[in-house]
Amino acid sequence: MISIEGLSKVFSLNKKDIKAVDSLTLNIENGDIYGVIGYSGAGKSTFVRLINRLEEPTSGKVTIGDQVITELNKNDLRVARQDIGMIFQHFNLLWSRTVEDNIGFPLEIAGVDKQEKARRVKELIGLVGLEGREKSYPSQLSGGQKQRVGIARALANSPKVLLCDEATSALDPETTNQILSLLQDINEKLNLTIILITHEMHVIRKICNRVAVMEQGKVVEEGQVLDVFTNPKQLVTRKFVEQVMSSNEDSDISTIIENYPDGVLYRVHFLGETTNQTLISQIAKQFSVDLNIIQGNITQTQAGSYGALVVQVTGNESEIERAKSFIESQESVELEVIQHAK
């Protein structure tokens, strides 16, 4: 487990103290893909650099396993960093070295013999899907391929933790999804703990199981990704959730009521395991009502789906009431009546 207690970083600028990270406390379990999200200036990149002491903390404590990272001397820290891999937004590759030489560089520094280094590099090239690119230079690679080299290099010493600082921010959407899928695959194969820094909620949604939301150097909200999606408490969190939900339902409701005056209007919220397709199909088969899906958005997280549909239900009043009771009886579904039958 990674334990972070009261971690702070203060920078002095023009004789003023600026708290980039302010008394941050988190616990991250082994094997987690843990997302940290925030807008520019929230302190998230400073925070991740405090974990491996690329930035020295002003105060606080970082413990990884049974090692207190913040108390290590320089020599012990150098050894401990072999268990902490890191990838960056702009790849940080050595441009005069080939793919295989970039990946093997940490092994070279660690004094690994040539035969073992060659074996490990070949293994990593296969893991990240770069077969055939061994002799290529960074200038000959796409952005996604460069990041794959960065990931392989970060894994060279078989770390227990991988820090990802905006690792997909410089990539197009399709390549971003490919890199996220690769990270998820590596997490599952190696039981690697991943801490992922981002300003994009769809990155959190796609692969993270827990998330911390940072604002002005502090964690303002933290929890399971699905819980944060379904019940965001802070304004900054709601803004991030809107990135992936793209919902303007509230502003449209008056128009919907005006355009669909018949029957009943429900907003049905789906949480976790229940799928909208299954529920709507069951209602159509079991009850003598007509269903009209007017508006909706469903998104997937690692823990299940989340979203809402606005549905018009018309038919016999007793059948509408039976359908309503059926919806309310379902687990992981919440029903909100927007407009009663006239």
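A Cβ is built for glycine as well, from the same backbone N, Cα and C atoms used for every other residue.
What Swiss-Prot records for Gly38, Tyr39, Ser40, Gly41, Ala42, Gly43, Lys44, Ser45 is ATP binding site, and it gives sequence analysis as the kind of evidence. Under a cutoff of 8 A between CB atoms, and with a sequence separation of 6+ in the same chain, the neighbours of Lys44 (ATP binding site) are Val36, Ile37, Gly38, Ile197, His199, Met214.
According to Swiss-Prot, the feature domain 'ABC transporter' maps to 2-241.
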(request) Indicate whether Lys44 (ATP binding site) is helix, strand or coil by DSSP. (result) helix
(message) Just to confirm: which same-chain residues, 6+ apart in sequence, have a Cβ under 8 Å from the Cβ of Ser45 (ATP binding site)?
(response) Asp165, Glu166, Ile197
(request) Tell me, roughly as an integer, the mean pLDDT over the domain 'ABC transporter' (2-241). (result) 94
(request) Check each residue in the chain of Gly43 (ATP binding site) that is at least six apart in sequence and keep those whose C-beta is under 8 Å from its C-beta; list them in sequence order. (result) Lys9, Ala20, Val21, Asp22, Met214, Gln216, Gly217, Lys218
